[in-house]
Amino acid sequence: MDICVVGTGYVGLVSGVCFSDLGNRVTCVDVDESKIKKLLEGKSPIYEPGIEDFIQKNLNEGRLFFTTDLKKAMESAQIILIAVGTPRKQNGEADLTYIENVAESIGQNLQDYKIIVTKSTVPVGTGKIIKEIISRHAGDVKFDVASNPEFLREGSAIYDTLNMERAVIGVESEKAANLLKELHKPLTSNIVLTDIETAEMIKYASNAFLATKISFINEIANVCELLGADVTKVAEGMGYDKRIGNAFLQAGIGYGGSCFPKDTSALVAIAEQAGYDFRIVKDVEQVNKEQRFKVVDKLKVALKNDLKGKKISILGLAFKPNTDDMRDAPSVDVIPILQNEGAEVVAYDPVASENAQKVIPNLQVTDTMQEAILNSDAIVILTEWNEFKEMDLTEVARLVKQKIIIDGRNIFSIEKMEYMKFYYASIGRKTVSFN
Ligand SMILES: NC(=O)c1ccc[n+]([C@@H]2O[C@H](COP(=O)([O-])OP(=O)(O)OC[C@H]3O[C@@H](n4cnc5c(N)ncnc54)[C@H](O)[C@@H]3O)[C@@H](O)[C@H]2O)c1
Ligand SMILES: O=c1ccn([C@@H]2O[C@H](COP(=O)(O)OP(=O)(O)O[C@H]3O[C@H](CO)[C@@H](O)[C@H](O)[C@H]3O)[C@@H](O)[C@H]2O)c(=O)[nH]1
């Protein structure tokens, strides 16, 4: 098939690259000239393990193209995938400016029948808005709109796409249904065929449910701390029950990233506009907002409320491992508090330092973990990179000034920390103190 993908962020780029690897002819369009220039050189504007090999292979084999020219890109396409951003507005709603602009441009350039598919996460009813905008410009040219929400995770985006658990296809014509089913055939046999509004809702419901699991286990963790129970064991004990499942039960400093925070607040806004008060999701958001500050409280306890002049080593800046994405990362809220309290904050992240310095003022970063923890008064773990899980604690003990670790991601066992004689405060488990 011939596909045009609009937007080369995570979703556009990864779907474009994967569909092209499956033998389709794919042209990816972006208004950002610097991104297209990089992509034409086979370089990825986003950090995603394995993506550059995929880009280069498909560019070389002549199935993958990049351009800033939407008109040219959509000329021979049967399917146009819209994958532009839908960021959060001040009032919590999804901002549809990019979507509406793309719909205008598609309408202005539509010459023959195409299916215009929204992969971006958009409020229920957006498919209708896109259709209206395109119709205004398209004259007599026939087209279909469809919804095909994306479920990939950053850091495992290619794997998630090539091994997708389901494809949700929201359509209003049989022709569109057949073509989109055909497109997804090599990827999954679990195709949920529905109307456009339902498909749009499936995406928000999925993200809000996963966010709910996280806030739920974090509240269990907070109660565990008060009662002396261990949340990691509680999660394990719950997770064997297939009705519950073990995924998304890792307690910590809560969720961040480009999706859960904005999509939960968009769902609250969508419900509100429909006249419904979505109480559970509002509480999920509130719990999550507070959870990231647990590490600050624990650090203050460890350092007896005196952060002034203390060297605090932050390990992990990105919102999760295997990405350099800083959108809604806990580090963005945590680090300025420590700086304001007079601490000397030094941070290390395997890939996100450059992006972090754009959003956290006066952030001092190092090239290695060892430099970051040298003479440290306390280490604070904000992201569970493998490099941190595998750190040599004997070496750490030698480098730091005080053997204090505040772990926002529960990466070490309590037993190991007791054995190594560290002060170790984590989430939802007992604190290991100096004897
Ligand atoms: N990031 C994820 O992991 C993920 C996963 C599933 C769904 N989503 C959803 O997918 C959508 C895209 O997310 P993202 O993280 O890939 O976005 P992003 O913001 O990283 O990238 C969007 C891209 O679209 C480009 N763009 C904007 N207007 C354009 C136009 N008129 N023409 C061409 N290109 C244009 C931008 O320059 C940018 O490169 C969002 O709705 C998001 O909620 C994201
Ligand atoms: O048990 C868990 C699992 C995750 N997280 C946090 O939750 C956030 C989101 O993690 P993850 O879901 O792995 O990353 P995303 O790349 O944001 O992916 C989510 O958001 C995407 C955008 O909508 C969806 O496509 C994916 O299906 C959905 O998992 C991160 O901050 C994680 O640290 C936890 O705190 N505990």
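Even glycines carry a Cβ here, placed using N, Cα and C.
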Of K89, K203, K358, K389, which does TrEMBL put in the substrate site with F151, L152, R153, E154, F248, L249, Q250, A251, G252, G256, K320?
K203
Candidate sharing the NAD(+) site with D30, K35, T121, E154, K262, R327 (per TrEMBL), from T86, T194, T366:
T86
Rounded to the nearest angstrom, how far is the Cα of G256 (substrate binding site) from the Cα of R327 (NAD(+) binding site)?
7
Can you check which residues sit near K203 (substrate binding site), meaning Cβ under 8 Å from its Cβ, same chain, 6 or more apart in sequence, and list them in order?
T121, P149, E150, F151, V168, D263
Ligand 2: which of the binding-site residues D30, K35, T86, K203, K262, R327 have a Cβ closer than 6 angstroms to it?
none
Can you tell me the CA-to-CA distance separating R153 (substrate binding site) and K35 (NAD(+) binding site), as a whole number of Å?
21
Spatial separation of D30 (NAD(+) binding site) from L249 (substrate binding site) - C-alpha basis, Å:
37
